[in-house]
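*Asks:* Below: one structure in structure tokens.
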Amino acid sequence: MDFLIVLKALMMGLVEGFTEFLPISSTGHLIVFGNLIGFHSNHKVFEIAIQLGAVLAVVFEYRQRFSNVLHGVGKDRKANRFVLNLAIAFIPAAVMGLLFDKQIKEYLFNPLSVAVMLVLGGFFILWVEKRQSRAEPKIADVDALRPIDALMIGVAQVFALVPGTSRSGSTVMGGMLWGIERKTATEFSFFLAVPMMVAATAYDVLKHYRFFTLHDVGLILIGFIAAFVSGLVAVKALLKFVSKKNYIPFAYYRIVFGIVIIILWLSGWISWE
């Protein structure tokens, strides 16, 4: 296996893991970075693998919590509510994704759309942060979330179907806008990523499994492990960060990155295939 290809697969896995749980759009970063370093492996299969690696980082980080929930379902009220909230939050985006997946990829998966959503999302984060700084959040614990709170976060997640919006960005900001404390909204976003990304991965596997070849196994494993490790680091770091600070730095980053995408696209440095 060529060392340069291995290095590129490693870098792509790291990009996925570090950006998946930050409100900065992992999709945009993977496309731009993949173009810049010339990574042209079996794209969709590789993407599925690194997304799975990233989501398993959340499962590992919260393994005790998920274990308690699994053992408590049907017996423990707190576990039942947790599962119910995840199910409620999961449904809106899952339904809309199944209904409009083809149209979204056909009409919205382009550099202009992604760049615009990055910039608009950046300004939206600035507005939400300014709003929360003026009002005391009503909910400061994941276990205190009600089904209606989960539904509002789920509705917000629908916007993440538009490339460039960011799943974590839409769910966290949607939660904060609804009156949920920043760290609590972030944690619930992590939890919601598990069923959402597992379902998306399963859907993509059914669509693209025929493109898998044994030749890709090595690169897939490298990307998977890199995404898992970097995702674990990102989850820990983000929780620590939002415990003391806000999301404003990410807002400015999004705005700049959106402009960079337009420049790179117009200059021919990146393609969108």
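Backbone N, Cα and C atoms are what each Cβ position is placed from, and that goes for glycine too.
Under the heading transmembrane segment, Swiss-Prot lists 13-35, 45-62, 82-102, 108-128, 186-206, 219-239, 250-270.
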*Asks:* As a test: from 45-62, 82-102, 219-239, 250-270, pick the stretch that has the greatest number of Cβ pairs under 8 Å with the transmembrane segment (108-128).
*Replies:* 250-270
*Asks:* Using a threshold of three or more Cβ pairs below 8 Å, and leaving out pairs closer than 6 in sequence, do the transmembrane segment (82-102) and the transmembrane segment (219-239) count as in contact?
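*Replies:* Contact absent: fewer than 3 Cβ pairs fall under 8 Å.
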*Asks:* Same-chain Cβ contacts of the transmembrane segment (45-62) under 8 Å, 6 or more residues past its ends?
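*Replies:* 9, 12-13, 16-17, 20-21, 26, 30, 190-191, 193-194, 197-198, 200-201, 204-205, 208, 211-212, 216, 219-221, 223-232, 234-236.
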*Asks:* Give the nonlocal contacts of the transmembrane segment (186-206) in its own chain as ranges (CB under 8 Å, at least six residues past its ends).
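*Replies:* Distant Cβ neighbours of the transmembrane segment (186-206) are 20-21, 44, 47-48, 51-52, 54-55, 58-59, 61-62, 66, 82, 85-87, 89-90, 93-94, 97-98, 142, 145, 150, 153-154, 157, 167-168, 171-172, 175, 180, 235, 238-239, 242.
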